[in-house]
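Chemist: The signal peptide annotation in Swiss-Prot covers 1-22, and the record cites sequence analysis as its basis. The beta-D-glucoside binding site annotation in Swiss-Prot covers GLN49, HIS152, ASN197, GLU198, TYR341, GLU414, TRP463, GLU470, TRP471, PHE479. Sequence annotations record features per position, and here Swiss-Prot assigns active site, proton donor to GLU198 based on similarity to another entry. The disulfide bond feature in Swiss-Prot is assigned to CYS217-CYS224, CYS349-CYS354; the stated evidence is similarity to another entry. Sequence annotations record features per position, and here Swiss-Prot assigns N-linked glycosylation site to ASN223, ASN375 based on sequence analysis. Residues or ranges marked as active site, nucleophile by Swiss-Prot: GLU414.
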Amino acid sequence: MKTFANFAILFLLQSLLFPLYSSCLHQTSDDSSPFPSDFLFGTASSAFQYEGAFLTDGKGLNNWDVFAHENPGKIVDGSNGDIATDQYHRYMEDIQSMNFLGVNSYRLSISWSRVLPNGRFGVINYKGIKYYNNLIDALIKKGITPFVTLNHFDYPQELENRFKSWLSSEMQKDFGYLADICFKHFGDRVKHWITINEPNQHISLAYRSGLFPPARCSMPYGNCTHGNSETEPFIAAHNMILAHAKAIQIYRTKYQREQKGIIGIVVQTSWFEPISDSIADKNAAERAQSFYSNWILDPVVYGKYPEEMVNLLGSALPKFSSNEMNSLMSYKSDFLGINHYTSYFIQDCLITACNSGDGASKSEGLALKLDRKGNVSIGELTDVNWQHIDPNGFRKMLNYLKNRYHNIPMYITENGFGQLQKPETTVEELLHDTKRIQYLSGYLDALKAAMRDGANVKGYFAWSLLDNFEWLYGYKVRFGLFHVDFTTLKRTPKQSATWYKNFIEQNVNIEDQIDK
């Protein structure tokens, strides 16, 4: 295991070679920082992508364990999360990396099946509770605020086997049970809670295209054994939204007054730019938002689905009962978590027929997502085929959310740059990640601009601290500030780690918050 002294030597060498390059890349023309002293700068992770130890100390099988083992061909490199970054055994080393970066927060998630191997149909795994207690305590000891997500795509396989997980209202009970246990055991120290990560993205991949477990879909969206892409995504989303409200109800009525924390939800966002100035394309861009991020955020904030969805889907969209609407309005989020990576052009498919593609169907809002407008790209393409670099779209997205949701506090819970490891890619090339630095620099400048516009943003978490298991990409796409050798699990800081460290130092003085 790498020692702290080795980290110090590596960062010293980078600091001698890198400062001139770094200083040229960031800072807008206005060098004043809009970040207040209590702003959270951190990195983000998730349990399945990081922990490994997939059957260690009483952990049960989860949906991703089963999916990756039974369908290795669905993962680009045929890999799984059995070991991942092995953070379960190496979290102290990773906390040293965070501490050296100067971050004052770390976003992590709870492995549902590590705490409750069989959901509410089995016993609590107190070895799992102990692991998270140790991790939380170690973070706090170093002055790093834990920002904890209750559910980040993974759940006990038992719940899929019993009642098809998110397709059943029973899942709301199980999620409430998990939330109660986590608040009880960790809430005296955890003051920032996220209920569910990216319900919109999770549902689209699991129940529309069938690319994520439980791999349910129908033609023409995907080729699955079971599922209905026209109806099941909306059923699953309905249950996730109500499970979110259930968790907040438990926190508000049993824990928040004493524990004095806050709780919210995370959605995936993309900026949707109309491909022309026509009214049809402008309306389509708004529909695209309604069928993507607003699908989740409108019920969470206003207790109802967006009008565009109601008008277009009719009876295919579940309805909230009066009691459910009351619950949503009574137990609102304290903040919104915003994950953001890219932008798209949007072409209307409601009035004018257009080619099939992402967004073009009725269940997706009849708003086709495109990355080009004639010969003009929405932004430079990264190694990840869905990610284009468009910092101005990020600024527009934050202002859109500010205006639509009355400037409720926001945290940028994920933002990062993906780099593909090709057969010819060298470790040296991965460590000298200048494209990632340019991406982060542009998006953080856009964040500054949005905050000067008045967006009420309270924190920023780079995705990700480490290279990790990136779902369908396996270990072939790297988002980390630290390189991971997945044979030895050695962590090595990339140039972007030094850049992010310098950015934090230059924008917020948080040294008094960190126990060096």
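Each residue, glycine too, has its Cβ placed from N, Cα and C.
Fair warning: this is a prediction, and the values are worked out from it, not measured in the lab.
Give me the lay of the land around each of these features.
Modeler: In this structure, GLU414 (active site, nucleophile) is part of a beta strand by DSSP.
The Cβ of GLU198 (active site, proton donor) has 25 neighbouring Cβ atoms from other residues within 10 Å, across all protein chains displayed.
The C-beta environment of CYS224 (disulfide bond), restricted to residues of the same chain at least 6 apart in sequence and closer than 8 Å, consists of GLY210, ALA215, ARG216, CYS217, SER218.
All protein chains shown were included, and the count of other CB atoms within 10 Å of the CB of ASN223 (N-linked glycosylation site) stands at 11.
In the three-state DSSP reading, CYS349 (disulfide bond) counts as coil.
Other Cβ atoms within 10 Å of the Cβ of ASN375 (N-linked glycosylation site), summed over all protein chains shown, number 5.
In sequence order, ALA44, ARG107, VAL266, ASN339, HIS340, TYR341, PHE461, TRP463, SER464 are the residues of the chain that are 6 or more apart from GLU414 (active site, nucleophile) and have a CB within less than 8 Å of its CB.
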Chemist: Around the recorded beta-D-glucoside site, report the further residues of that chain (criterion: Cβ within 8 Å of the mean position of the Cβ atoms of GLN49, HIS152, ASN197, GLU198, TYR341, GLU414, TRP463, GLU470, TRP471, PHE479; site residues excluded), sequence-ordered.
Modeler: ALA44, SER46, ASN339, SER464
Chemist: Non-local Cβ contacts of TRP471 (beta-D-glucoside binding site) (under 8 Å, 6 or more apart, same chain)?
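Modeler: The answer is GLN49, ILE75, PHE153, PHE212.
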Chemist: Given the recorded positions ASN223, CYS349, CYS354, ASN375, find the one whose Cα is closest in space to the Cα of GLU198 (active site, proton donor).
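Modeler: Looking at Cα distances from GLU198 (active site, proton donor), the smallest one goes to ASN223.
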Chemist: Work out how many Å separate ASN197 (beta-D-glucoside binding site) and CYS354 (disulfide bond) at their Cα atoms, rounded off.
Modeler: 32
Chemist: TYR341 (beta-D-glucoside binding site) has how many other Cβ neighbours within 10 Å of its own Cβ?
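Modeler: If we count other Cβ atoms within 10 Å of TYR341 (beta-D-glucoside binding site), we arrive at 24.
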Chemist: Compute the C-alpha separation of ASN223 (N-linked glycosylation site) from CYS354 (disulfide bond), stating it in Å without decimals.
Modeler: 23
Chemist: Reported as an integer number of Å, what is the Cα distance between ASN375 (N-linked glycosylation site) and CYS354 (disulfide bond)?
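Modeler: With distance taken Cα to Cα, CYS354 (disulfide bond) is 18 Å from ASN375 (N-linked glycosylation site).
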